[in-house]
């Protein structure tokens with residue numbers, strides 16, 4: 001049985017500025033298996049976010065192939081990519097991107113509304129369950145301004161997980177948090193990965209936190225290198 005959730009083969013990405021090609025990614029190969037926790041390290045501007053966007057179908061590669069759940073992903077139409085993304089992927093960002101006028105539970109319910117598969121009653125139940133998993137069911141009716149930074153990020157994690165995706169792509173999810181809250185968020189993501197069997201790909205600059213992952217890669221000058229494989 002093929003347990004590869006997300007992969008890319010010989011992926012390159014370049015931009016053209018003033019008639020000059022600038023290579024961001026160079027022949028990147030990566031394979032994410034079910035339940036794996038993978039960290040990608042790199043300096044600012046090394047292409048980490050670009051790689052995450054290409055893997056998530058938010059940006060197109062200049063060359064190479066991306067596969068999601070065994071199906072070619074990068075060459076699909078915009079609508080097909082969106083459907084595949086909504087079904088199989090969740091996203092967490094450095095900035096929580098919660099809607100300020102919505103409560104925690106309403107923010108978590110947004111992905112469920114996009115799928116159009118659940119009644120409001122079902123959505124409330126699912127959102128409450130995942131908020132309980134991240135320890136915030138008692139804050140369900142609070143708006144983002146009434147939550148701490150760590151609590152907002154927990155809501156963002158709940159929102160990413162509520163549709164039970166196969167893989168979470170997280171871009172510097174603890175970048176705006178202090179070390180204690182960062183440790184707590186990383187521990188939570190590890191626990192949720194174990195509980196749900198969800199794969200996590202986490203872009204971070206924090207080597208200490210990255211050391212918690214099964215695999216650690218480093219992106220240097222657009223090339224991805226495997227640093228540690230503890231599987």
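Glycine too: its Cβ is placed from the backbone N, Cα and C atoms.
Per Swiss-Prot, the features are as follows:
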- 42, 43, 44, 45, 46, 47, 48, 49: ATP binding site (BINDING)
- 6-230: domain 'ABC transporter' (DOMAIN)
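Swiss-Prot feature annotations superimposed on the structure.
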| residue | record | CB count, 10 Å |
| --- | --- | --- |
| 42 | ATP binding site | 21 |
| 43 | ATP binding site | 12 |
| 44 | ATP binding site | 8 |
| 45 | ATP binding site | 9 |
| 46 | ATP binding site | 22 |
| 47 | ATP binding site | 24 |
| 48 | ATP binding site | 23 |
| 49 | ATP binding site | 20 |
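In sequence order, 50, 219 are the residues of the same chain, not among 42, 43, 44, 45, 46, 47, 48, 49, whose CB sits within 8 A of the CB centroid for the ATP site. DSSP assigns residue 43 (ATP binding site) to coil in the three-state reduction, outside any helix or strand.
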